[in-house]
Amino acid sequence: MWGTSLHEHESFGDLGGCLSSTWQRAESREAQDFVEKFEGALGKGKGKKLYAYKMMMAKKWVKFKRDFENFKTQCIPWEMKIKEVESHFGSSVASYFIFLRWMYGVNLVLFGLIFGLVIIPEVLMGMPYGSMPRKTVPRAEQATAMDFSVLWDFEGYIKYSALFYGYYNNQRTIGWLKYRLPMAYFMVGISVFGYSLMVVIRSMARNANESTADGDDDNFIFSWKMFTSWDYLIGNPETADNKFASITTSFKESIVDEQESNKDENIHLRRFLRVLANVLIICCLCGSGYLIYFVVKRSQTFSKMQNAGWYERNEVEIVMSLLGMFCPPLFETIAALENYHPRIGLKWQLGRIFALFLGNLYTFLLALMDDVNEKLAEEDVVKNITHWTLLGHHNSSAGNDSTVTPPPLDPADVPRGPCWETTVGIEFVRLTVSDILVTYITILVGDFIRACFVRFVNYCWCWDLEAGFPSYAEFDISGNVLGLVFNQGMIWMGSFYAPGLVGINVLRLLTSMYFQCWAVMSSNVPHERVFKASKSNNFYMGLLLLILFLSLLPVAYTIMSLPPSFDCGPFSGKKRMYDVIQETIELDFPVFVAKIFSYVANPGLIIPAILLMVLAIYYLNAVSEAYQRANAELKKKMQMQREEEKNKRNNKASTNPMLQDLEDLLTPSTKTESPPKQAEDKKIESLNGTSPVRKPGRGEVLDGSPMAGGRGAAFTPPSQVFVTQPRTLGVRAPYPGQPRPWGYPLGPVPGRGRGQPCYPRAAR
């Protein structure tokens, strides 16, 4: 017995010594690594200097990376302004300014293409102003060419400038570089649409990837916002105020989402009100379309009048601008009947205003095409007049001597054609400028002056102007977004006929960012129900893609179907505008390239290619929808798994107290591995006289009775039954006073009765 215990003791000692030596070796290795790492700092001489230099460079590198990240953030245009707007007005208002900044970048690239490849070459290498009729103001218009009223209508000197299509010459090459301006003009016009299409689709794909990459953040929203929103590295008071406002706004957005998810409504009444709202809005759309068609038709009559006033000349632009100003608030008032979620209501509002602007735009284009057809019919007459005028000048100057060179006719005296391309460009420029003015005046009057009136007159008014009518204005997200979209559509359509229109739009977007940011922060208040914007701007991009496609159709129709003007523009003298490509291929490329181009342009190949593209788009759309469904199902499964794990944890947490209660029901002796045996020992001791015997009184019960332990005593065996166990051979109890051997547990051995506990006999 003792030998075994000593042997085990020695084995335990060896194990402890082995472990201690292993720990010592590990600690010495860590100490050695520490010394090697910081030897320069702990020592003296070159090692210390080298270490100090390395540590200094490491700190400098970390600081440089942090400063460079801050520099990149500062280089993002208007980033701090947009963050300030988002912190006070929510992500939905900030999404408009982010979209505006993106549009500014796109237009800046388009302006670089047009300005660098079309305008600058014509100005530097083309024929100078006044050298030919298309670059000279007619004699009859020179007296009023510099009047403000004429320039405001983009007539006079502006009409015959590089801003419009008619200024550019049709020479195949210009300058000492032999620059092919007509070819460049055509390719840049096509590249504007190609680049815009590529950028819009790329942005939509990026937004889709970002939205699908986001995790499910619907769990514990308020807890996460409460405990993880604050940034403890903020040291600037202004940044801290913006962060505080941002957290408050995010709580408001989440509260709106939670209220909408738990809203209970009468479905039949809601359907009736929504149908009624749609009927009213359709009536408004039809009425606005008819009004624009009527006004455009009447403007054609006004254009033939000699003494037409300012209103008659600008009636179309005024009516379209007023419709764009008053219809969106009317739609928003009608949409209050539907009681949609604010995010869904914004999309419906955007769709309705999109239909309004689209109907107005295409009504304007259809009426404008009627005007173009009239000018084409007039152009044939003017072409004959010009031909006979030049012929008569030649005959009168030469006389009977045919060898005399006639003096050149003054370009201002040459009869001009209507140049329908320039007329179309002027209409688009007028629409753009009038839209800019109406937008700025609306902001100045409807927001700033209204806010000043409410702020300063509220003290002496009969009711609370801030809480009641008129109150402060809210930022109109839908109207401003659709204004940007349709303004860009007019830029895409009008840039082919007015190359300088993109420059006007760049200035408009630049001033809009500063002006609208100032108006929002100074004159507007957050929406009554601040809602969270969608995770991507793909809805805005979808509208922009649709307006891009619809803007391409009129331009493609004019390029492929209408003949260009005979005396203005880079394509004059050709039957169609696209003939410049065929001419370039025939003159500048080998013969087989012309054959390949003729084969590719065959409708027998174009139609199957279009059908193949449609099928590819359909297939990719189906695959995308399948991936979205799979992603949604995966999110549901993950949510169910999380809920199941949470339920398991809750059940486990609730089961542990039940087990504890069950243990409490048992006798206290159950926790010492032999609850029945101790009761038996007590009974045997009472029978043998080793302990005083005491009879239970009237109110007492025996220890082993079911009532002794309270409600859990029923689990203990009765006092009349003795559960014993036969003695184990080779095991005896120690003598009285004999010391307990080392290594044996305290307490009685299971299965023994009363008396001293027994320990195993040592091996002899």
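Any Cβ shown, glycine's included, is placed from N, Cα and C.
The feature compositional bias 'Basic and acidic residues' is assigned by TrEMBL to 638-648.
The compositional bias 'Polar residues' feature in TrEMBL is assigned to 717-727.
According to TrEMBL, the region 'Disordered' annotation covers 638-764.
Positions annotated as transmembrane segment by TrEMBL: 102-124 (among others).
Per TrEMBL, transmembrane segment is recorded for 183-201 (among others). Tertiary neighbourhood of the transmembrane segment (183-201): same-chain residues 106, 109-110, 113-114, 117-118, 121, 168, 492, 495-496, 541, 544-545, 548, 551-552, 555, 570-571, 577-578, 580-581, 584, selected by CB-CB distance under 8 Å and a gap of 6+ residues from either end.
The transmembrane segment annotation in TrEMBL covers 275-296 (among others). A Cβ distance under 8 Å defines the sequence-distant neighbours of the transmembrane segment (275-296), meaning residues of its chain 6+ beyond its ends; these are 315-316, 319-320, 323, 327, 330-331, 334-335, 337-338, 352, 355-356, 359-360, 363-364, 366-368.
Residues annotated as transmembrane segment in TrEMBL: 316-337 (among others). Counting same-chain residues at least six beyond the ends of the transmembrane segment (316-337), those with a Cβ under 8 angstroms from any Cβ of the stretch are 273-274, 276-277, 280-281, 284, 288, 291-292, 295-296, 299, 345, 348-349, 352-353, 356-357, 360, 364, 427, 430-431, 434-435, 437-438, 442, 476, 478-479, 482-483.
Sequence annotations record features per position, and here TrEMBL assigns transmembrane segment to 349-369 (among others).
What TrEMBL records for 496-518 (among others) is transmembrane segment.
As annotated by TrEMBL, transmembrane segment applies to 539-560 (among others).
Annotation source TrEMBL lists transmembrane segment at 596-620 (among others).
Only residues 6 or more beyond the boundaries of the transmembrane segment (102-124), in the same chain, are considered here, and those with a CB under 8 A from a CB of the stretch are 77, 162, 167-169, 174-175, 179, 181, 184-185, 188, 191-192, 195-196, 199, 203, 484, 488, 491, 495, 499-500, 502-503, 505-506, 509-510, 513. Below 8 angstroms of C-beta separation, residues 581-582, 585 of the same chain, each at least six residues beyond the ends of the transmembrane segment (596-620), sit close to that stretch.
Look at the compositional bias 'Basic and acidic residues' (638-648): DSSP puts its residues at 11 helix, 0 strand, 0 coil.
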